[in-house]
Amino acid sequence: SACRRPCPANSSCVNGTSCRCDPGFRTPSGKIITNHGEACEDMDECELGKPGTLCGRFADCHNTVGSYYCTCSQGYRPVSGAANFSNARENTCEDMDECLNPRICKSRSNCVYTHGSYTCTCPPGFELNPEDPKLCTELSLEVKEQGDKNVTLSVHQVKMLVNWDVVQNSGGSGPAVVGLVSSPGMGKLLVEAPLVLETEEQSVLHETHKGLLQEVSPVLLSDVISAFVSNKDTQNLSSPVTFVFKHLTLCHVPTARPKWKVFCVFWEPGQNGSGHWSTKGCWRVGTIDTSTTCQCSHLSSFAVLMAHYDVQEEDPAQAVITYVGLSLSLLCLLLAALTFLLCKAIQNISTSLHLQLSICLFLAHLLFLTAIDRTEPKVLCAIIAGALHYLYLASFTWMLLEGLHLFLTARNLTVVNYSSVSRFMRKVMLPVGYGVPAVIVAISAASRPHLYGTPSRMLTFKAIAQLFILGCTWCLGILQVGPAAHAMAYLFTIINSLQGVFIFLVYCLLSQQVPLSTSHPVLFPLSLLSVG
């Protein structure tokens, strides 16, 4: 039966006469509630029991509301794998050797095993960092007499060479101090740090890998070092400071890829505690398998990064289509040019425009097929790049002139004013067709001469060659995105490589004037037959 009065929280009625506290709870007088004003309170089993009796050896007791649980003490682990247990009979805690973890102590510190714990010690020449007892700081002090030569400091894998004029204050007195601090473990904290290149360097990389550069992922090759001098002006040094970084052999870097470049960088802090790697004021002097030499015009925190590129590999089938199609176009362009040049009966402004377009495309395709892979020597490569640039621009200009001539002819047919169109086109076609591309190439070469003749310039000219297509093929270049990009690239390449065939087919074979003129023995000499 129920008690006459309700029992308080965390208690239950016993024999209908009294209230008893639930397990894990009690009143100040005991388990049985004798006074209706009493309440059942949680009792701390961990304090009531004797140390080690509830949970056993190498274990800690944790009180909860109405109960408790046990865990292994720090430095010990449960053999059973259970994180918690209830009593000493379930205790399986044993000592674990923390020193088996190679990262338990930070760089250059040694782990010493003790029962239930461990300590980190430093080798000679180092001392523990008071702020981080797992980190060792290398201590090295040299006092040298001032001279005219460079000061050389070495720490771990880095060597610094700096001139005395950079170290000391201008006009100041007192000792000149120069320091070099290495932070080997810093690279783990800066794995995702971005790399920001100078504008000129970024332009070179963008032009070299235009359309194929997918991602730039910097990899830290060396330790991060910080340099300081007693000179207050460290942003514009009178002479550059030289750093020699030792690092892994480049071919052994796990993430090294076919396209990569080594950069000398420094850490540039940003807003809100952020920052990035930058190349401003630092440049690479040289790199061998295991070391890189850098020079910087300022002092900060420096490192050596390797930026590798995910470059889309060229499709061999598409390359075969391009070269076969261009070879066929060369033959057709040659036949078309000879037709426009030797067939007197059809010579007019239209055929003159066709002739100039055929000549420009023929020379551009011929140079592309024979010289696009000639990247050495650099001067020859630059000349080939400039010539290709000019020829493809000239081809595009002649296409524009053909469209302009067609528009003016169609407009003036309504007023029978064809002669004025012919006079206008004769005056402007040669200066515009060959002059405008020459001006563009001259300006480009004068403003950015270093962009002509790069080893990967072939990729850029392939893109240019595929763009200059007659008529509707422009839309195929625009459609090379999304799921259909691969198919559009094939279709674009096929139509582009057959451009010379289209010109010969439309302006020669399908022309009503050419068959009539070739049938007349006077208008079309027999010498044309010996040309083919």
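Keep in mind that glycine also has a Cβ here, set from the backbone N, Cα and C atoms.
TrEMBL annotations: computationally assigned, not manually curated.
Mean pLDDT of the predicted structure over the domain 'EGF-like' (42-82): 86. Look at TrEMBL and you will find 42-82 (among others) tagged as domain 'EGF-like'.
As annotated by TrEMBL, domain 'EGF-like' applies to 95-137 (among others). As a summary of secondary structure, the domain 'EGF-like' (95-137) carries 3 helix, 21 strand, 19 coil according to DSSP.
Annotated domain 'GAIN-B' per TrEMBL: 129-312, in sequence order.
Under the heading domain 'G-protein coupled receptors family 2 profile 2', TrEMBL lists 318-448.
Here TrEMBL flags 320-341 (among others) as transmembrane segment.
Among residues of the same chain six or more beyond the transmembrane segment (353-372), those with a C-beta under 8 A of the stretch's C-beta atoms are 323, 326-327, 329-330, 333-334, 336-337, 340-341, 384, 387-388, 391-392, 394-395, 398-399, 401-402, 405, 425, 429-430, 433, 458, 461, 465, 499-500, 503, 507. Annotation comment: TrEMBL describes 353-372 (among others) as transmembrane segment.
For 379-401 (among others), the entry in TrEMBL reads transmembrane segment.
Sequence annotations record features per position, and here TrEMBL assigns transmembrane segment to 428-447 (among others).
If you look up TrEMBL, you'll see 459-481 (among others) marked as transmembrane segment.
As annotated by TrEMBL, transmembrane segment applies to 487-510 (among others).
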Residue numbers, six or more beyond the limits of the transmembrane segment (428-447), whose CB comes under 8 Å of its CB atoms: 349, 352-353, 356, 386, 389-390, 393-394, 396-398, 401
Close approaches to the domain 'EGF-like' (42-82) from elsewhere in its chain (Cβ under 8 angstroms; 6 or more beyond its ends): 10, 22-26, 88-96, 98, 116-118
Structural state census, the domain 'EGF-like' (42-82) (DSSP three-state): 4 helix, 16 strand, 21 coil
Within the domain 'G-protein coupled receptors family 2 profile 2' (318-448), residues counted as helix, strand or coil by DSSP: 119 helix, 0 strand, 12 coil
